[in-house]
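Participant: Here's a structure for you.
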Amino acid sequence: MIRNLRWTFADGLTLVGRELGRLRHDPGELVAALIFPAVMVLLFGYVFGSAIQVPGGGDYREYLMPGLFAMVTFSSVMGVMTRTAADASRGVMDRFRSLPMARSAVPFGQTGADLLVGLLMLVVMVGAGLLVGWRPHLGPVATAQAFLLMVVLRYALAWVGVYMGLAVGNERTVDAMVPLFLPFTMLSNAFVPTGGMPGWLRLPADWNPVSALTAAARALFGNPGAPSGDVAWPLAHPVAAVLLWSAALLTVFAPLSLRTHRR
Amino acid sequence: MPDPIVVAEGLRKSFGDVQALRGLDLSVRKGTVCGVLGPNGAGKTTAVRILATLSVPDAGHARVAGYDVVRQAGEVRARIGLAGQYAAVDEKLTGRGNLRMFGRLSHLPRREAHRRADELLDRFGLTDAADRRVAGYSGGMRRRLDLIASLILRPEVLFLDEPTTGLDPRSRGEIWDSVRELVADGATVLLTTQYLDEADRLADDVAIVDHGRVIATGTPDELKAAIGDRLDVVVEDPADLGPAAAVLTGLAGAEPTATAADALSVALPGGFRLAGVVRELDRAGVAVADVRLRRPTLDEVFLRLTEEPVR
């Protein structure tokens, strides 16, 4: 048992190292992944931002950045799903299965590698945010808490990606699913407040984990846009909501992924 | 006969309504190449996946290198190599990076994994390309890398699932040479293929699989002998094809197939003399350009066996 755990860890690390090797040999993909959020900062901050009023007043780019942080956090589902499905459809997963390695190391390795990518993306986003005038206002502890929440939710979401990648198992199908990511993240409070949406749209937007993470980050950074009045539970208690979402996703998708991979 | 190193008995596997394997039996002698032949969808890949512990049979059992593929899968994995139809290597890593990674995942110590990677690259002529990304490799190089990735642990049994499908003749020749070398080193190889000449050149024994079952086994020569010799006749005038076919039907007891506008081919039952054939054709007024009695190719054996309805 202990021996198994040790190998799960060692093999998982080897797979994280694999991701590092891939990034080194194919930096283009990483650059593309990093440019996307930077473009979003410009596009939303200056194009849409020029016409959007922040509820309760305040700078739109200050309002926007927590939403973009949440959006980047959610890109983990797509990234991990794509990498997992590519491994499955190209036979790399079969080779892993035929090796005397710890089987559970594969999903752990995939999610661990994604954390690495996620941290890099966060660093770039923080840089872009600082450039356009975004600032955290509530001190280092609250700021660190906000980033910690992003990392925790990202790791939980990576397991959703592993499961979806294994379940679909086909690179092309997964590629076709990637564009769905944008509407999913936009159906939230990341770019505009949910208060103005029609009721049937507002309900899923309020309960979207993107909204919870955005609201939590706004609160912890001291950025404008805190909802007022009668708001849905996840927006009134965003930190608890993010932690609950993370726990729920991990509880469901980690065992599902491990079982699907062992099959 | 030495003990078989791969034994499968009554393997069954269904995917939904499709029965991929319907009681497959197979036995591979140690140190030989066993060619598993079959049309697409015959169950070759399913059988290999079960033997390589990637998939669990619905019924039946199999042992590889003395270990049960279901209950002792870990022991089996430490003794096998698998190279597939798809080049199962990471295209975004270098060739060397791939081999090192698979070495580490096979639980070799770091230094040993690196040494083994260098050794294999050198032996299979990939040293020059070792530090390039696999994405830039040719199809043949990728397949060779895939093959050597399955050799890291010096496997006792190597499963090759259509290792040369889609390769040009030269790359196929290189893969064949590699396989021969491995067998000379004492490995046992189970090879699935759609190319009959591949089995003819490489395999000591052949198992023909159709509809999820082995329908014939033997050495390529035994299989060819079993369906009898073939008679090829080329006529001077294509108009004589009809009368020639009638003569051959009378002699062989089976309709010949036209292989060209002026050529016929038919399987002969044993004990036929070429002189008798020529005499009969002459009597029917057919001007013969060429008559040849030959062993059937493995293709013909295969077509003959897989044409017949499932017994």
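Sequential numbering from 1, following the chain as shown.
Positions of Cβ are set from backbone N, Cα and C atoms, glycine also.
Copied straight from TrEMBL:
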type	residues	note
DOMAIN	A:28-261	domain 'ABC transmembrane type-2'
TRANSMEM	A:30-52	transmembrane segment
TRANSMEM	A:64-86	transmembrane segment
TRANSMEM	A:107-134	transmembrane segment
TRANSMEM	A:146-168	transmembrane segment
TRANSMEM	A:180-201	transmembrane segment
TRANSMEM	A:235-258	transmembrane segment
Participant: For the transmembrane segment (A:64-86) and the transmembrane segment (A:235-258), check the count of CB pairs under 8 Å (sequence separation 6 or more) and say whether it reaches 3 or more.
Facilitator: no
Participant: Are there residues at least 6 beyond the ends of the transmembrane segment (A:146-168) whose Cβ is under 8 Å from a Cβ of it, and what are they?
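Facilitator: Cβ under 8 Å, 6 or more out: 66, 69-70, 73-74, 76-85, 87-88, 107, 110-111, 114-115, 118-119, 122, 136, 174, 177, 209, 213, 216-217, 220-221, 239, 242-243, 245-247, 249-250, 253-254, 256-257, 260-261.
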Participant: Checking distant contacts: for the transmembrane segment (A:107-134), what same-chain residues at least six beyond its ends satisfy Cβ-Cβ under 8 A?
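Facilitator: Residues packing against the transmembrane segment (A:107-134) from afar: 8-9, 11-16, 18-20, 23, 30, 33-34, 37-38, 41-42, 45, 59, 61-62, 64-65, 68-69, 72-73, 75-76, 79-80, 83-84, 147, 150-151, 154-155, 158-159, 161-162, 165, 223, 254, 257-258, 261.
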